[in-house]
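Read the structure below first, then the notes.
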Amino acid sequence: MGVDQMTAAVFLDRDGVLNELIFNPKTGEYESPHAPEDLVMIDGVIPALRRLAGAGFALFVVSNQPSYAKGKTTLENIQGVHRRLEGSLSANGIAFGEYFYCYHHPHGIVPGYSGNCLCRKPMPYFLLKAARERGVDLAASWMVGDQDTDVECGRSVGCKTALVMNAHSAAKRGCSRPDITVSALSQAVDLIIHWKGGGDNGPTDD
């Protein structure tokens, strides 16, 4: 794909950005959904995604999903959560270019899914894959997430970054330097589209 055909994209973390985090009484923490019936979309996400697509952005999910590696649920359940998410988005006319999931965890207990890997954020493996295989212009793209690892992932390859201040993931951020900080995806979309149109000249690198 030629340079003149490169695409601006928005890479989106999933849990805490698109869907609600779920309280796990066994750990006392808010986590990703462990079963399809746990999936609850965050209010305002569907129209926000429609606006991004309408503005010409390609959409990708980039998400760490270590619950199977940690022995908290089955791989089938994790994949079922994805199918329910994709079905909900498709039913609302929203198409993602690809859903990128890392199922590994450095301290996992399941053979084949434990230990270090190349695809777990903050590693930018999937962003580079999208650039290479889908013609994504990373410098014109955004990474949106609710944790420091999302910001670090995007910044490492030149994407602009938006940090969503989800109250349930507050312990997993505080050290990163996002381009913008927002309360929800809908607010991030307002700013991303504004800057795409040249408003305020957009955020600039330090």
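Each Cβ is built from the backbone N, Cα and C atoms, and glycine gets one as well.
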* Structure fact -> Checking TrEMBL, the member of Asp137, Asp146, Asp148 that binds Mg(2+) with Asp13, Asp15 is Asp146
* Determine the most Cβ-crowded residue among the recorded positions His104, Lys121, using a 10 Å radius around each Cβ and all protein chains in the structure. => Lys121
* **Alpha-carbon distance [Asp146 (Mg(2+) binding site); His104 (Zn(2+) binding site)] in Å** => 19
* Cβ-Cβ neighbours of Cys119 (Zn(2+) binding site) (radius 10 Å) -> 16
* Using DSSP reduced to three states, classify Arg120 (site 'Contributes to substrate recognition') as helix, strand or coil. => coil
* Asked: In sequence order, which same-chain residues at least six apart have a C-beta under 8 angstroms from Cys102 (Zn(2+) binding site)?
  -> Ser63, Asn64, Gln65, Pro66, Cys117, Cys119, Arg120, Lys121, Tyr125, Phe126
